[in-house]
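Chemist: Relevant sequence annotations retrieved from Swiss-Prot are reproduced here:
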BINDING   F18, A49, L50, E51, C75, V76, I77, N108  5-amino-6-(D-ribitylamino)uracil binding site
BINDING   E80, T81, R122  (2S)-2-hydroxy-3-oxobutyl phosphate binding site
ACT_SITE  H83  active site, proton donor
Amino acid sequence: MTKEIHKKLHVLIVEARFYDGISDALLKGAVRTLQKAGASYDIVTVPGALEIPGAIAFAEKNSKVFYNGYVALGCVIRGETYHFEIVANDSCRALMDLTVHKHLAIGNGILTVEDEKQAWVRANQDEKNKGGFAAEAALCMIALKKRFGDNH
């Protein structure tokens with residue numbers, strides 16, 4: 001992606017703060033990627049991954065601010081109950097529904113992992129940098145929307 005493609009872009013980062021340290025690492029990666037691309041951004045915080053799609057939907061429908069795209073950041077770590085599957089599947093499905101049915105450019109940076117060690121490897125900028133990857137995905141989807149003539 002070139003900086004020219006991202007000129008004047010404004011992105012909303014929605015971060016779930018269930019795991020504060022991991023959330024911080026994901027956010028740093030996303031912010032750094034958006035800054036390098038020259039995109040401006042706002043950040044809103046929600047309690048957990050299930051609330052991320054709702055926050056994006058609220059922003060899209062009710063916000064007085066126009067967002068070209070969205071970055072979803074969070075972490076779901078498998079526990080001893082079925083709750084992991086519900087949160088992982090439903091948060092991802094809801095983001096896909098927003099992308100497909102509402103034509104939103106969303107980068108999904110919700111980690112779904114077995115343990116905290118896997119989460120840290122994926123969140124750290126000097127390792128997998130999934131926060132940065134989610135921001136880059138959002139920027140790519142914004143560019144793709146523009147390519148197909150959708151400027152909203």
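The backbone N, Cα and C atoms fix where each Cβ goes, and this holds for glycine too.
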Chemist: Can you give me the Cα-Cα distance between the residue listed as 'active site, proton donor' and I77 (5-amino-6-(D-ribitylamino)uracil binding site) in Å, rounded to a whole number?
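Modeler: Cα-Cα, rounded: 10 Å.
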Chemist: Cα distance, R122 ((2S)-2-hydroxy-3-oxobutyl phosphate binding site) to I77 (5-amino-6-(D-ribitylamino)uracil binding site), nearest Å?
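Modeler: About 12 Å separate the Cα atoms of these two residues.
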Chemist: Can you give me the Cα-Cα distance between F18 (5-amino-6-(D-ribitylamino)uracil binding site) and E80 ((2S)-2-hydroxy-3-oxobutyl phosphate binding site) in Å, rounded to a whole number?
Modeler: 17
Chemist: Tell me the coarse DSSP state (helix, strand, coil) of N108 (5-amino-6-(D-ribitylamino)uracil binding site).
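Modeler: Its secondary structure by DSSP: strand.
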Chemist: Which is it, of H83, R122: the one of these recorded positions whose Cβ has the most other Cβ atoms within 10 Å?
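Modeler: Top count of Cβ atoms within 10 Å goes to R122.
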Chemist: So, three-state DSSP: helix, strand or coil for C75 (5-amino-6-(D-ribitylamino)uracil binding site)?
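Modeler: The three-state answer is strand.
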